[in-house]
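Undergrad: The structure is given below, and queries will be raised subsequently.
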Amino acid sequence: MNELLLNLVDPLHQWFLGLGDGGAVLWSVLKILLIAVPVIVTVAFYVVWERKLIGWMHVRHGPMYVGMGIFQAFADVFKLLFKEIVQPASSHKAMFVIAPLLTLAPAFAAWSVVPFDAKLVLSNANVGLLYLLAMTSLGVYGIILAGWASNSKYAFLGAMRSAAQVVSYEIAMGFALVGVMIASGSVNLSQIVFAQAGNSGFFDWFLIPLFPLFIVYWVSGVAETNRAPFDVVEGESEIVAGHMVEYSGGAFALFFLAEYANMILVSFLISIFFLGGWLSPIQGWVNADISPWIDWLWKGGWPWLLMKVFFFASAYIWFRASFPRYRYDQIMRLGWKVFIPLTIVWIAVTALMVFYGVIQKGV
């Protein structure tokens, strides 16, 4: 299946390159659109899936109208885009407009180094992991700017909560990725996946030797995206919508889009760092060449990556429907007193496992 997709892309790439410098620019723009458009469409269907799944958990139907609920998210998008963006009279006008853009831009830029397969990646950067850490850290600036520019105590309180929470859990996430870097010997995302390849299937994935780091990264990813049960930033019972309380229309839609794009991104990164990315869980167990349409089941391919991502994206919804919101002090305690010490200890354990050959870096 991967070969079939690449056979469609390569001739198109060569045709654009044949147009000269202008063709190279157009090809770059096309690659950006090939990332942005699917992300936007995926967010729309993800919202529908969230409503449906929570509806089933509540023993109700969920969205049933507008194409059996499938197109309800698109209807919501059009509704928000055609609504007026009301700016408070006391707000800082320029900063108020820049804030949602500053939140959305890093959420989309991070996708440029995410590999969907061995050859399906926009930019196979050698420092992809460091680039991701930088991009995912920039989003908090838009949130802080929104809270300050709104000139509202509720928005500012939500922004301050977000800043403290994101900074706290970024440290734990960064330490967890140090363990991944030690185990793989690389900061290139494709090389991290290749380091988990082998003839033992899922036993070669980093999920098993780095299981504590996997849990830390997963939970920290939920906290990083301000989702339940770590959604004190938008605590409805306390500060309404937090930093977004003064936003409406298209500006609110940009914040909404950035949040869900980050949720999907975290699901991708967990799958790449700990579950072998596009690798098959039975890789090495079956050696057969039958058809490109089914060989990916044991050879690996982007469908495996999408299935793993679907699981973690659905887990976000499960967390929201199942767990009560943490208090702010409990969130800080979990990040600083539990996750950071745990990751530091397991970094040392990972180094020892690599030194004594317990972790093998691919085949």
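Think of each number as a place in line: the chain as shown, counted from 1.
Cβ coordinates are placed from backbone N, Cα and C, and glycine is handled just like the others.
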Undergrad: Among 34-54, 202-222, find the range that Swiss-Prot records as transmembrane segment.
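TA: The range carrying the transmembrane segment annotation in Swiss-Prot is 202-222.
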Undergrad: Out of 62-82, 202-222, 264-286, 299-319, what stretch is closest in contact terms to the transmembrane segment (339-359), meaning most Cβ pairs under 8 angstroms?
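TA: Per the Cβ count, the answer is 202-222.
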Undergrad: With pairs fewer than 6 apart in sequence excluded, do the transmembrane segment (62-82) and the transmembrane segment (202-222) have three or more C-beta pairs that lie under 8 Å?
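TA: Checked: the transmembrane segment (202-222) vs the transmembrane segment (62-82), no contact.
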Undergrad: Given the transmembrane segment (163-183), which of the listed stretches 96-116, 264-286, 299-319 has the most Cβ pairs that are under 8 Å apart from it?
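TA: Checked against 96-116, 264-286, 299-319; highest Cβ contact count belongs to 264-286.
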Undergrad: At a Cβ cut-off of 8 Å, and with pairs 6 or more apart in sequence only, do we get at least 3 pairs between the transmembrane segment (62-82) and the transmembrane segment (299-319), yes or no?
TA: no
Undergrad: Most CB pairs under 8 Å with the transmembrane segment (238-257): which of 127-147, 264-286, 299-319?
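TA: Ranked by Cβ pairs under 8 Å, first place goes to 127-147.
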